[in-house]
């Protein structure tokens, strides 16, 4: 990964202005304090999960992905080739797979997505790296958080997004989106929690955080 970005913070106050600047409207992110939280609004579109010790996570998830069912081509996926950009990739994977359900507008994100859909999985990351407007939006968000973005990055973002009644796990460092199982607008957060519970238990580290994408 020759291109290096500043990492994002898992924080709605960072992510929500980023969504707005990209031209997407009608949705926002909210903190997920626990996955069984009934107070989270509906419809629930996606969950962005940030977890620690990504190298250990790789070991835990490797056998699962060796037997996983890959999503079909209707699920938008891109391979991450920008270092420290996993937060933005998780957000982009969420938004791109909700194209028919939320208002992506006609701003920077929608224009990039239209072009990204014309190229292959590996080329989409390059298209993002060369997009000056989206790069600037990410940079502004990355410096707006409360934590120091410098130093070695140990955390990694993935997303869980619902599409056509199916929950998908999308990790931009892997080769494909993984099909999890059925979900709904009312249960997506709980379903995402169930999907990552084994990871949380095996990692035995409290430094997890999650945000949900819901309607404004």
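Glycine is no exception: its Cβ is also placed from the backbone N, Cα and C atoms.
Record features, source TrEMBL:
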DOMAIN    4-215  domain 'UCH catalytic'
SITE      80  site 'Transition state stabilizer'
ACT_SITE  86  active site, nucleophile
ACT_SITE  156  active site, proton donor
SITE      171  site 'Important for enzyme activity'
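A map of TrEMBL features onto the structure.
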residue : record                               : Cβ neighbours (10 Å)
80      : site 'Transition state stabilizer'   : 22
86      : active site, nucleophile             : 25
156     : active site, proton donor            : 23
171     : site 'Important for enzyme activity' : 25
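Looking only at the recorded positions 80, 86, 171, the one with its C-alpha closest to the residue listed as 'active site, proton donor' is 86.
Cα of residue 80 (site 'Transition state stabilizer') to Cα of residue 86 (active site, nucleophile): a span of 7 Å.
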